[in-house]
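Novice: The substrate binding site annotation in Swiss-Prot covers Arg260, Ser261, Ser262, Phe366, Gly367, and the record cites sequence analysis as its basis. Under the heading region 'Disordered', Swiss-Prot lists 350-371. If you look up Swiss-Prot, you'll see 362-371 marked as compositional bias 'Gly residues'.
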Amino acid sequence: MSQWGSGAILVQPDSLGRGYDGDWHTAVATRGGGVVQLNLVNRRAVAFMPKVSGDSGWAVGRVSLDLRMAMPADFCAIIHAPALASPGHHVILGLIDSGYRGTVMAVVVAPKRTREFAPGTLRVDVTFLDILATPPALTEPISLRQFPQLAPPPPTGAGIREDPWLEGALGAPSVTTALPARRRGRSLVYAGELTPVQTEHGDGVREAIAFLPKREEDAGFDIVVRRPVTVPANGTTVVQPSLRMLHADAGPAACYVLGRSSLNARGLLVVPTRWLPGHVCAFVVYNLTGVPVTLEAGAKVAQLLVAGADALPWIPPDNFHGTKALRNYPRGVPDSTAEPRNPPLLVFTNEFDAEAPPSERGTGGFGSTGI
């Protein structure tokens with residue numbers, strides 16, 4: 001990798017290493033703001049063997065892109081559909097870490113009886129994005145004296161509680177730490193864990209960490225739930241992992257909540273959304289499995305990607321409609337106009353194993369997370 005410079009991205013279509021014409025036609029494109037993409041379209045019929053097929057009419061499966069990549073630590077790859085949506089099926093937005101060395105997979109949702117994609121009908125884009133390693137700036141814990149309704153339930157309580165701000169209880173304009181008191185059109189489950197504490201300012205709460213620290217090779221910060229959350233069959237649940245808000249003066253960075261490859265492949269889709277400053281984090285989990293699924297306490301359910309302010313303009317804020325998990329992103333939104341900090345150089349190679357730098361992650365999992 002060093003011979004190409006620190007900003008190089010190594011790419012090896014599997015067909016290069018095997019000496020044959022592969023299943024995918026791959027082209028390089030430069031989008032607005034200097035963003036670099038790979039545009040893939042299947043040149044042959046591609047088999048589709050779904051692992052999840054409930055009674056929703058949809059099947060979920062993984063499709064190999066016959067591609068391996070090695071990126072600098074300050075880059076990730078976004079797997080998504082092209083702007084022109086393919087008819088009848090959906091490429092679920094995915095996130096690839098810089099340390100992943102295995103074959104890249106796309107998670108595809110297709111009509112239940114689909115078993116292959118005819119030549120030229122499956123199109124997938126890989127967008128390379130420079131990211132920030134700085135964790136998001138969050139507000140301080142909330143005082144129980146100000147908001148006694150946030151006191152955690154007794155140990156014998158009923159478990160998950162609906163977030164109280166949906167009822168407008170925290171909308172007092174005179175309190176600077178009040179959560180946004182606007183409705184989002186559906187119920188929302190607070191999945192954090194609160195512990196009462198004594199502080200120099202009086203009674204308060206300590207909230208368990210909802211956004212885990214990330215390693216150098218990780219693209220995003222894992223988002224965990226601290227209580228069990230059940231997503232109904234063929235339905236949705238809006239999850240709020242923390243009571244903390246993103247600081248209003250968070251700077252030029254933008255925070256995006258994206259799904260995890262392992263959950264996407266199981267038919268539990270996180271609707272991509274942008275987390276706006278001054279708001280709490282909330283996102284939709286859409287269950288296509290046909291049976292209720294419980295996310296256990298401590299489960300990693302989504303990822304928080306911190307990037308430039310205009311990095312992903314096609315991911316809207318407050319994206320709280322479950323069916324939008326099946327939307328092909330991007331659609332109808334102009335390209336980014338922000339210049340990447342370090343525009344990447346794509347290098348195609350047939351000596352990937354020899355030229356790619358070592359990685360802690362290796363070939364584990366199939367993209368952003370392990371299975």
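Just so you know, glycine gets a Cβ as well, placed from its N, Cα and C.
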Novice: What is the number of other Cβ atoms found within 10 Å of the Cβ of Ser261 (substrate binding site)?
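Specialist: Ser261 (substrate binding site): 27 neighbouring Cβ atoms within 10 Å.
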Novice: Based on DSSP, name the secondary structure state of Ser262 (substrate binding site): helix, strand or coil.
Specialist: helix
Novice: Tell me, how many other CB atoms lie within 10 A of the CB of Ser262 (substrate binding site), whichever protein chain they belong to?
Specialist: 17
